[in-house]
């Protein structure tokens, strides 16, 4: 259900983008390409792409203009329960792929978070200090955890796309 | 074909220093994470000397607070578990399940719920009506009889639960247990009006564990492990 919601949000975004485009002065082909390319699979040649990729530890990552935003999936937030605390890294922390970068606390349980990529932390979501529940309510948007640089773009190719992640979840639940 | 039950190996550490038990937990976790084969899921049972411990939310407990509690004659330890401050000491049955949730269900919320149900079931064996509440743990009315605080990394659990059997509950007066103002603590002995030892409670907790987690137990007879 979460995947459908995510895809629906992207569909709505695409439609409204086209509506805005037609009502303005025509954009250059490059800008039009940038707005629509998130539907294509991510590769090292398209740094503008903003498709969600997933790890087997249920973190998601979205790369936009060379910056990766990281969060946890809907499956993960449901399995955790109500998040009451987010332990996040300092800005500037250097992480290798799969390094522990923090922990989320829910129901008196601290669950580790693992970096989906190699890079450096550039931002953390300060809103989570006062409203950790955003991780449950809006895990793909307002509940993002951190942003980081992408030192090894090829690592993205090894992550699951939405369809593969959905299959992965089904295989766990069976 | 019948579903194969998971097996839990019970290791009774006896009266052991908190830090030593922590090291033993780490060794078991390491076995799960680094082993090519499937190491056994383990239930560590123990009892500690007086100590106050905190979880990953460290901000409420500064150095001054640490020193205040140490001045009472207790040790102090900051851990990576969930939950706020609690007390461990003689008369309290502490249980650290080092489990691979992959053998059960890969959900921390499910796991914590099962731990609560296990303790509630155990209390029922004593004729005590225990419940859950919005605050994680097991309660008898407004008083907590068992605290829960867990860590989970790569689906391997550590830390666990602390059940008051005949604990000296006055130790809890120096803290706000688990950060919950206005509620108290209790023990099996307090509820039943008689002395209930770890020796009496342990088999009942293990029985409740096998039922709730649908598992079989094996016992490490030479249980008192050293680090």
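Here the Cβ of each residue, glycine as well, is placed from N, Cα and C on the backbone.
Any TrEMBL annotation is an automated prediction that lacks curation.
Here TrEMBL flags B:178 as active site, acyl-thioester intermediate. Under the DSSP three-state reduction, residue B:178 (active site, acyl-thioester intermediate) is assigned to helix. Residues within less than 8 Å, Cβ to Cβ, of residue B:178 (active site, acyl-thioester intermediate) and separated from it by at least 6 positions along the same chain comprise B:83, B:84, B:85, B:86, B:135, B:137, B:144, B:147.
In the three-state DSSP assignment, the secondary structure recorded for residue B:149 (substrate binding site) is strand. Here residue B:149 (substrate binding site) comes close to B:53, B:55, B:79, B:81, B:82, B:83, B:86, B:159, B:160: these same-chain residues lie at least six apart in sequence, with C-beta atoms under 8 angstroms from its C-beta. According to TrEMBL, the substrate binding site annotation covers B:81, B:82, B:83, B:84, B:85, B:86, B:87, B:88, B:147, B:148, B:149, B:160, B:161, B:162.
Look at TrEMBL and you will find B:37-217 tagged as domain 'BPL/LPL catalytic'.
Every protein chain shown contributes to the tally, and the Cβ of residue B:144 (site 'Lowers pKa of active site Cys') ends up with 27 other Cβ atoms within 10 Å. Summarising the annotation, TrEMBL assigns site 'Lowers pKa of active site Cys' to B:144.
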When each of the recorded positions B:81, B:83, B:87, B:144, B:149, B:161 is checked against chain A, which show a C-beta distance below 8 angstroms? B:81, B:83, B:149
List the same-chain residues at least 6 positions away in sequence whose Cβ sits under 8 Å from the Cβ of residue B:87 (substrate binding site), in sequence order, or say none. B:50, B:51, B:52, B:53, B:74, B:171, B:172, B:175, B:177
Including all protein chains displayed, how many Cβ atoms other than that of residue B:161 (substrate binding site) lie within 10 Å of its Cβ? 23
